[in-house]
Amino acid sequence: MDAVPGQAAIRAAAVLLEAGKLVAFPTETVYGLGADAENPQAVAAIYAAKGRPQDHPVIVHIAPGADIGYWCSDIPAEAYKLAEAFWPGPLTMILKRNAHIPDAVSGGQDTVGMRCPSHPVAIALLSAFKGGKGGVAAPSANKFGNVSPTTAQHVRDEFGAMVLDEAEAAEAAAHAYAAAITARMADPAEAETGAAGAGSAQAAAALRLAVLDGGSSQVGIESTILDLSRLATHGPVLLRPGHIGAQDIADVIGAMPNLPDQTAPRASGTLESHYAPKAPVALCDGAALADTLARLAAKGRKAAVIHYSALPQAKAGAHQHMPSDAAGYAFGLYAALRAMDQTGAELILVETPPQHDAWLGVNDRLRRAAFGSSGIVETFLQS
Ligand code: TXA
Ligand code: MG
């Protein structure tokens, strides 16, 4: 059964965000670590909590129906068509940013990533936050370079003692609410910025976060990212493949997105080594899987296996049998990587998934998870 936070929990989370605090929340792709996108100190706290480099831009999440014109300028007609077709949903669009967006959000670039998520808890939170007119800056709620979280428990596993328990979160929200009221009575004109400023200083100092539990993220891998900021010169560019595919996009805007070239903007999710568990990950063709496992076992090596074909031998050790459709596989991928990592395996062997288009997002994440581990199986077999 998926958890459903009530109105009070949603309201408390919105108050915390308004006060400059960090709130991890579910989206349909992965859990995000959110902060008020218009509060530079709150956004800085995200970077500090994640241990993420300061120059990596974060996506701004908005409620359904919110005005992207508030955040972006020179918005092409394609962006409105795509928003109409896929929002709320797992598509992020990179657009020219407006001046009031803090540099911390855009990583100093002249663009901003915009996304309207479809998870009901994300929608409720974004609709409550600043009366539905705000934006929540949120990267995935994991430490930098780690596997993205697809459950609230994954977020707790990532951030440990930094996570506020239910009573602490309620107390922090009550405190933030009282502070906002006091500020409003003292100086109504400055109430908004005053309360936010005070809260964000505390957030940065204490680095705690609240977690809204909305069950498992249904898509399971991060949103598709499409760069529309240089349409005239570069066309639409697919910066990160995801559940919404290139053909889905082409069907709406009449043009197939290009793949990024050397001039494409930096994106942390596009670093080669990303989404990596602690144990090295190696891809292995299905045909060679049983034999490779047997040889590793003969060498006394502890390997865990993620497979989608029938593999009776896998039952002897730690293994995860995945669905054989791309959507089902993506849904379970990050949980499987985490679970196999927790078995204490020295190596996670992953059966190479099918290579057709529907699997682009899954193969992209697996390739990155396996980056830097090439030759690891041979090394283990020789030693
Ligand atoms: O599904 C998702 O997109 C999740 C959920 C929480 O919404 N978020 C997510 O955020 O994956 P993050 O920060 O882990 O990955 C966002 C990616 C990064 O690679 C970042 O560099 C890129 O989006 N990005 C954000 N703004 C950008 C911009 N203005 N230009 C280019 N890339 C940008
Ligand atoms: Mg991430």
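Cβ atoms here come from the backbone N, Cα and C positions, even for glycine.
Keep in mind that this is a model prediction, so the values were computed, not measured.
What TrEMBL records for 7-244 is domain 'YrdC-like'. TrEMBL lists T29, H61, R115, A138, S223 with the feature L-threonine binding site. According to TrEMBL, the feature ATP binding site maps to R52, T111, S140, S148, R240, Y275.
There are 28 other CB atoms within 10 A of the CB of H61 (L-threonine binding site), with all protein chains counted. Within the set of binding-site residues T29, R52, S140, S223, Y275, T29, S140, S223 have a CB atom less than 6 Å from some atom of ligand 1.
Other than the site residues T29, H61, R115, A138, S223, same-chain residues with C-beta atoms no more than 8 angstroms from the centre of those residues' C-beta atoms, the L-threonine site, are T27, G32, I59, P90, T92, P117, A122, E222.
Of the residues the record lists as binding L-threonine, namely T29, H61, R115, A138, S223, the two whose Cα atoms sit farthest apart are 13 Å from each other.
Farthest C-alpha pair in the ATP-binding residues R52, T111, S140, S148, R240, Y275: 24 Å apart. Listed in sequence order, the binding-site residues from R52, T111, R240, Y275 having a Cα within 10 Å of the Cα of T29 (L-threonine binding site) amount to none. Put simply, S223 (L-threonine binding site) is 10 Å from S140 (ATP binding site) when counted between their Cα atoms.
With R52 (ATP binding site) as the anchor, the candidate binding-site residues are H61, A138, S223, and the one with the nearest CA is A138.
Within 10 Å of S223 (L-threonine binding site), as judged by C-alpha distances, the binding-site residues found are R240; the full candidate list was S148, R240, Y275. In this structure, none of the binding-site residues T29, T111, A138 sits close to ligand 2 with a C-beta under 6 angstroms from any of its atoms.
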